[in-house]
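S.K.: To start, I am sharing the structure in question, which I have written as structure tokens.
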Amino acid sequence: MKIILFLTLIVFTSCELYHYQECVRGTTVLLKEPCPSGTYEGNSPFHPLADNKFALTCTSTHFAFACADGTRHTYQLRARSVSPKLFIRQEEVQQELYSPLFLIVAALVFLILCFTIKRKTE
């Protein structure tokens, strides 16, 4: 029991937080700085912006920010190329328009409109 408490104490005192971001290769990623006076530790080009934000080019990279209070924020960017899966998802959305439920509701609305128009003409 003492060992478990000791290990949890070590984990909480190290204060290392991990952040994961997935992006499309070649685009720019906009992230928020974890602390305003942090020290950047990494080999990727870092572009500080207004409102405690920064921009990085999306490549598979690993970098960190060390804050003044001792907290370390580790970031992992995972670059992916555009895959055909994105286009498959769009086709699935278009097919949902012609689902059986939609067709049943459309047929009912059509029949109701036909009967109400027929009654008005009589």
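Cβ from N, Cα, C; glycine included.
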S.K.: Per Swiss-Prot, which of C23, C35 is disulfide-bonded to C67?
M.R.: C35
S.K.: With reference to Swiss-Prot, specify which of the listed residues C15, C58 is paired with C23 by a disulfide.
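M.R.: Of the listed candidates, Swiss-Prot names C58 as the partner.
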S.K.: Just to verify: the residue among C23, C35, C58, C67 with the fewest other Cβ atoms within 10 Å, which of the disulfide-bonded residues is it?
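M.R.: Output over disulfide-bonded residues C23, C35, C58, C67: least Cβ neighbours within 10 Å is C35.
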